[in-house]
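Per TrEMBL, the features are as follows:
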- 11-234: domain 'CWH43-like N-terminal' (DOMAIN)
- 12-33: transmembrane segment (TRANSMEM)
- 62-82: transmembrane segment (TRANSMEM)
- 94-115: transmembrane segment (TRANSMEM)
- 127-146: transmembrane segment (TRANSMEM)
- 158-184: transmembrane segment (TRANSMEM)
- 204-230: transmembrane segment (TRANSMEM)
């Protein structure tokens, strides 16, 4: 006896990832603004999850997103392997494995961002942010190139991915540069430089530039996650079947009766 479980289209996993990421950052933004934990103009994404209760939502959401993103990248890895298996020794196994490693690095970085709040352990938080942003950026560019060269993906998709990768690289770089400059000659506390900053504290324009570039980079990455649905729509995840074990002695006796 067995109970068959249905197929689940993989595209829904990619869309779920984008939904979780968007819901997490927008929810923590609204709560942190409402409670006055950050300035209302445009805080850092991480600053919106620096204090409870929004820090709880921020950490849980990013941990879940990191797990699902790693699963999605593994799905894409398997799909790419399956589509290029006919190439033999020309199959880009090394590139695909490197992309899988990058996704692992980015996922770990995302968990560091969620679990080590910026105002508490800034160094670990910043390391995690660098792993997440730049690891994902390189992954996006490689995904676009592999899609174009090996997978025969429609040009609209791989070109859009390449554009997203370039934009993610530019915005992430400018975010880092502007954030560094904004803290030079800043006449306030370290916590204020991250969460509740106002124009009178100096370098405010660079602060707004850095936060703007960070939000842009974040949503560019979310849009890339949605593009995974293009390949995933042709595949489904079949859940395990529930199968009864070998019949026990009591079952055999009842059958004989």
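Placement of Cβ uses the backbone N, Cα and C atoms for every residue, glycine included.
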Out of 62-82, 94-115, 127-146, 158-184, 204-230, which stretch touches the transmembrane segment (12-33) the most, going by CB pairs under 8 Å?
204-230
Averaged pLDDT, computed only over the residues in the domain 'CWH43-like N-terminal' (11-234):
89
